[in-house]
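Marked as active site by Swiss-Prot on the basis of similarity to another entry: His5. Here Swiss-Prot flags Glu25, Asp27, Asp85 as Mg(2+) binding site. According to Swiss-Prot, the feature active site, nucleophile maps to His41. Feature annotation from Swiss-Prot assigns disulfide bond to Cys45-Cys51, Cys47-Cys190.
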Amino acid sequence: WIMGHMVNAIYQTDEFVNLGANSIETDVSFDDNANPEYTYHGIPCDCGRSCLKWENYNDFLKGLRSATTPGNSKYQSKLILVVFDLKTGSLYDNQASEAGKKLAKNLLKHYWNNGNNGGRAYIVLSIPDLNHYPLIKGFTDTLKQEGHPELLEKVGYDFSGNDAVGDVAKAYKKAGVSGHVWQSDGITNCLLRGLTRVKEAVANRDSGNGYINKVYYWTVDKRATTRDALDAGVDGVMTNYPDVIADVMNEAAYKNKVRLATYEDSPWVTFKK
């Protein structure tokens, strides 16, 4: 999965997919009442990027639905996965469940079209704080209550705080999650970060009894870092430059080892070599 980083304006979706991304990451900010409000990152953000692009969250979802609904004039068949980077740092811990409920209702209405031929992309809810694990239950319970438990087949989870792998496992246990787990590791492109924890996450994924299904590394903009990440065995790379990642994947060392994921590749099934 080549994951376009910080895609917060609707027009950027096409831009990133046309450069080679089959997945995008979008920031979601919340208002004081835990309503998802804007797709907005703000300052500071990655070096070399504008931090201030934004849409109303519901408008973004409608645009995303168009881009991921076959038959729509704006349909992009390559776009198969969307990571919502949930900026829950602005919320009190006791609002996490409420944020999950509201997120579920927004997605159900504006993205899934109330279960009636909505967008087809897989969704990853990425949460920065392990204490906000109740967001997951708020989300899953709401989809069930609204009569659409089948849509949970399209939803996965990520804790993005670079916490110890064992602590992340405990948070999932509390949230009642087994499966559909992506594990992120990374840092802004302005700084360097080694691959120690990525390798630990990959080992958990491949152990046969770990909690992780897929591992992604962010933010990767350089060819050398891309090679290191691919060598470490990641499933996804989040980047500001999808074309760079696509180029590296076409190099002799990689072109027979890795390929771009398609819609038929389940993002929840651990790849067995």
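Glycine is treated like the rest: Cβ placed from N, Cα and C.
Keep in mind that this is a model prediction, so the values were computed, not measured.
Projection of Swiss-Prot feature records onto the structure.
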| residue | record | DSSP class |
| --- | --- | --- |
| His5 | active site | coil |
| Glu25 | Mg(2+) binding site | strand |
| His41 | active site, nucleophile | coil |
| Cys47 | disulfide bond | coil |
| Asp85 | Mg(2+) binding site | strand |
| Cys190 | disulfide bond | coil |
If you count Cβ atoms within 10 Å of each one, which of the disulfide-bonded residues Cys45, Cys47, Cys190 comes out on top?
Cys45
Between Asp27 (Mg(2+) binding site) and His41 (active site, nucleophile), how many Å separate their Cα atoms?
6
Taking only the CA atoms, the spacing between the residue listed as 'active site, nucleophile' and Asp85 (Mg(2+) binding site), expressed in whole angstrom, is 9
In this structure, which of the active-site residues His5, His41 has the fewest other Cβ atoms within 10 Å of its Cβ?
His41
With Cys45 (disulfide bond) as the reference Cα, tell me which of the recorded positions His5, Glu25, Asp85 is the closest one.
His5
What is the number of other Cβ atoms found within 10 Å of the Cβ of Cys51 (disulfide bond)?
15
